[in-house]
Amino acid sequence: MARVSSLLSFCLTLLILFHGYAAQQGQQGQQFPNECQLDQLNALEPSHVLKSEAGRIEVWDHHAPQLRCSGVSFARYIIESKGLYLPSFFNTAKLSFVAKGRGLMGKVIPGCAETFQDSSEFQPRFEGQGQSQRFRDMHQKVEHIRSGDTIATTPGVAQWFYNDGQEPLVIVSVFDLASHQNQLDRNPRPFYLAGNNPQGQVWLQGREQQPQKNIFNGFGPEVIAQALKIDLQTAQQLQNQDDNRGNIVRVQGPFGVIRPPLRGQRPQEEEEEEGRHGRHGNGLEETICSARCTDNLDDPSRADVYKPQLGYISTLNSYDLPILRFIRLSALRGSIRQNAMVLPQWNANANAILYVTDGEAQIQIVNDNGNRVFDGQVSQGQLIAVPQGFSVVKRATSNRFQWVEFKTNANAQINTLAGRTSVLRGLPLEVITNGFQISPEEARRVKFNTLETTLTHSSGPASYGRPRVAAA
């Protein structure tokens with residue numbers, strides 16, 4: 001009897017553990033059955049706008065079928081001149097792209113020291129007991145950012161942006177909700193360290209909207225005063241209870257943070273030294289505190305594919321930026337001229353989120369059933385998801401078409417349907433002949449006519465693109 005009881009207890013324990021594991025996998029993986037059975041895709045626009053004093057945050061509905069299938073959410077930050085996006089952190093990994101403008105970015109990585117120190121003493125605006133108090137400011141790393149920069153941010157790392165230029169600073173970000181690092185539900189949750197959001201938490205669909213306040217607001221003023229060793233009045237000011245400026249505020253006067261000079265302003269010796277050592281470390285000296293998290297994709301000289309008459313494509317993966325291995329995301333930047341075509345391809349191991357930064361293009365996407373689920377025009381500011389395995393072709397219809405793709409794998413791989421490195425090139429002629437019921441001569445043309453690997457001209461003989469007419 002005791003043996004039966006022990007066996008039942010053991011089985012019950014296994015059952016509980018299995019259900020817990022299954023629940024965790026369901027939370028971090030696909031939540032709904034057949035949510036990637038997509039029969040139609042659409043070019044998406046923002047569904048909500050959070051307005052602030054010096055800018056706005058535009059949020060896409062992450063419950064849209066194609067974004068839910070991809071396990072991501074998407075947002076666009078528009079920061080006006082002298083606008084400061086107050087520090088916040090998310091429950092998910094984030095990959096951002098600077099679509100327009102320039103500015104400053106700072107991160108606060110837990111456990112890391114303040115490596116930026118002011119060489120001159122700082123005198124605050126207040127004086128204590130008749131004596132002026134002087135000290136040197138110290139803080140963590142501050143970087144210059146510009147158009148084309150791709151920025152990797154790990155979960156829980158507080159981040160802020162400042163626009164020190166004259167035009168708006170536009171940053172688009174993808175949040176990996178399905179990441180193993182997200183221990184909450186599949187909703188993006190910003191945690192604000194400063195400021196308030198009177199419009200509420202629009203990131204969470206279906207939840208009653210209440211004004212979103214910063215973290216300090218939830219603690220008692222006495223607790224804040226004791227923890228920071230400040231007076232009660234200052235502690236209450238940290239809570240921003242009567243501050244309705246939003247999450248992007250306007251800086252009055254100069255913004256005097258410690259920052260390195262711009263690249264063109266650095267001494268020539270420093271730039272030559274960096275050039276001799278290269279831009280990539282050997283991996284031994286890079287720690288979490290000093291890890292490089294930014295790389296620029298707008299330099300054609302560093303492109304992976306470049307044709308002066310057609311355009312260029314640049315990729316960014318964990319081999320270029322090692323921190324991407326940790327957040328398991330990567331990026332691609334494309335810029336093509338009118339009538340240039342990106343040959344049909346599919347992502348072998350990742351979903352892709354395509355955001356148009358400039359121009360227009362005609363895009364076709366085909367699903368696993370061989371059905372065309374999207375055939376339309378996409379233009380600046382629109383977004384479309386391309387799920388794993390779905391084939392896609394892009395053709396520029398404006399003078400220049402530029403886009404950025406965020407991919408849900410640190411080393412995303414593509415396969416092409418046409419071209420010198422395509423799947424058709426790898427097939428024997430006999431397989432093509434019998435598979436498509438065409439002659440050996442036609443099979444040779446199918447296999448060898450396209451010499452390019454990625455980019456080609458979409459214009460050609462009048463017969464291109466027309467159905468083949470059967471002989472009478």
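Cβ coordinates are placed from backbone N, Cα and C, and glycine is handled just like the others.
Among TYR192, TYR306, TYR312, the residue that Swiss-Prot annotates as phosphotyrosine is TYR312. The cysteine that Swiss-Prot pairs with CYS36 in a disulfide, picked from CYS69, CYS112, is CYS69. What Swiss-Prot records as phosphothreonine, among THR115, THR416, THR421, is residue THR115.
Per Swiss-Prot, the phosphoserine annotation among the candidates SER70, SER179, SER314, SER330 falls on SER314. According to DSSP, THR408 (phosphothreonine) is assigned to coil rather than to any helix or strand. DSSP assigns THR433 (phosphothreonine) to a helix in the three-state reduction. If you compare Cα positions, CYS36 (disulfide bond) sits closest to THR408 out of the modified residues SER314, THR408, THR433. In the three-state DSSP classification, CYS69 (disulfide bond) falls within a helix.
Of the recorded residues, THR408 (phosphothreonine) and TYR312 (phosphotyrosine) place their C-alpha atoms 22 Å from one another. TYR312 (phosphotyrosine) is 34 Å away from THR433 (phosphothreonine) when you measure Cα to Cα. The Cβ of TYR312 (phosphotyrosine) lies under 8 Å from the Cβ of PRO300, ALA303, VAL305, TYR306, GLY334, SER335, ILE336, each of these being in the same chain and 6 or more residues away along the sequence. In the three-state DSSP classification, CYS36 (disulfide bond) falls within coil.
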